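**Student:** Quick one: structure below, then a few questions.
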């Protein structure tokens, strides 16, 4: 059984907790030697490195307060070592306070004050480092740390903010502007914290660890006070924090100072929330940070697992299989960014497998890399000529493997995104969202789960382009796209269907749930403010919703949603209408004992591929009753060499011939009989397995026994 990630992390935390005493003692010993040496730089560097390592790891394992103390030591020693001047008495005193605090933590090492929350005894109160200075003998009292009045206690609220993936800090002394901007950002599902002055900013940033800061430039402290405060914050960090400045100032000096302070973007007031969200998305890179996915096909299972460990250690998600016949199934289920193949495997070699993969349009752009001990250059070139992208020779070091794979997989992801994404909004384009919807519809049928879709149209959008220009219109579209991405689940499909029309698919969602969700999006979008040359304005939307099983075909479902959208427009716009023409009483399980008559015509010639005697007899009777020409063979492999004066254009294939590890046969059948419809035949009890074959290339499936021996069903 695969280890529970939470249990693994808890074990790591306990191991880390057991080492804390040694880490603190090492820092204390190094500090003592530093004092005794008369502030020797090399010992100072050693002390700083010990504190830096503790600061970097403590918060990860739940020791945020301990990490904060170590960070103070790290920053103080870093500034001293870099400026080359003697250690200032005030800084020395501050560092001595932090060392004393660490010493006290070491002395009370088993107390809950340094235990992460998950390890605290049930009766323990929440822990925190004391906010007052720790007294140090023969030292003057240190000035108190400044605090910001709006800052809440660093307890439950801060812990919640730390865990929020979209936490934003706004620092703005114009309270009305800050309230409006924060409300706009909250519409995009951001967790927003507003502060009206600069006091205690470093403390706030360390406590909340936001995804980004939105900072005003002008404060009572000075015309560049916001920029100066950010410069101080950035100096304390090992990795820069994304910062977006907003200001009335638009002069070169302010912009230059913003860049030099570590700012990443600069907007002049008033600020369009949509443009701000674009900047936050770009700076935080939330989508690009998704791990790369790599599938490894190698009959040496140990080597495959070694590759998995090397790639996952570099932050990728990897999966290894030893049987090449499982490849197509894994491609569908795992959706890798890149595939690694061995050259020589039993049953199917790497070159043959690459050819099978390339036969499917959806995998034409998928990178294939051969990793093999083959040293013959002609063999390597032969493999590349079949559609592979690179050839790596075994043995290969983990670092070489990671470097070669990550660069190519990242490039492929960028290319794929370009091919399937709308360039303006970043959503799935028309073709991609239609294809994904087809897969979701088939999945809903297979699993007997509901599926809801919504077609959304922005109201009077042409007027926006005419009144404010296409640049503003494009920004409205981008803002709506961001709102959808923030409000919907990652499993939901979101696409720009064309112009100002959007298509959304909500798997495993009822029509009632879909209406509630889309209406929430509608009200949020109506509350969003946009800015154009003539001032501020808002936009509304209309939506039509339909679903499965109320509609038994994807086309019917789309038409129903479209009609519901038109009804919303007729009723006055700015509303959501749910289709009521579907039949709720229709059972989700589809009757598959009859083939619709649309499949059959007098010109059809069928090829039955089955070794099942009863199945062959049933199909023979049904085909004969319709006067159709047919032929029968008992093995799918014979179909690859099958010849007939009139090629078959309908294949009825026993499921056992093409399921499981034999799914590659289905791909080969599709290539061999390009113009034929392929229908899987299976007993009623095996319907879930039969439905799976549709995902691998079958056009439909038929269940036996047949209804009254008939092949044609209702039109």
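From the backbone N, Cα and C atoms, a Cβ is placed for every residue, glycine too.
TrEMBL lists these features:
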COMPBIAS  125-136  compositional bias 'Low complexity'
COMPBIAS  137-153  compositional bias 'Pro residues'
DOMAIN    167-284  domain 'Response regulatory'
DOMAIN    293-409  domain 'Response regulatory'
DOMAIN    449-581  domain 'GGDEF'
MOD_RES   216  4-aspartylphosphate
MOD_RES   342  4-aspartylphosphate
REGION    117-158  region 'Disordered'
**Student:** Between residue 216 (4-aspartylphosphate) and residue 342 (4-aspartylphosphate), what C-alpha distance do you get in Å?
**Tutor:** 56
**Student:** Reduce the DSSP letter at residue 216 (4-aspartylphosphate) to three states and note it down.
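**Tutor:** SS state of residue 216 (4-aspartylphosphate) = strand.
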**Student:** Return the residues near residue 342 (4-aspartylphosphate) by Cβ distance under 8 Å, restricted to its own chain and a separation of at least 6 in sequence.
**Tutor:** 297, 298, 299, 300, 350, 370, 371, 372
**Student:** On the 0 to 100 pLDDT scale, where does the domain 'GGDEF' (449-581) sit on average?
**Tutor:** 90
**Student:** Taking 10 A as the limit, how many CB atoms besides its own sit near the CB of residue 216 (4-aspartylphosphate)?
**Tutor:** 24
**Student:** Using DSSP, break the domain 'Response regulatory' (167-284) down into helix, strand and coil residues and give each count.
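**Tutor:** With helix first, then strand, then coil, the domain 'Response regulatory' (167-284) has 54 helix, 26 strand, 38 coil.
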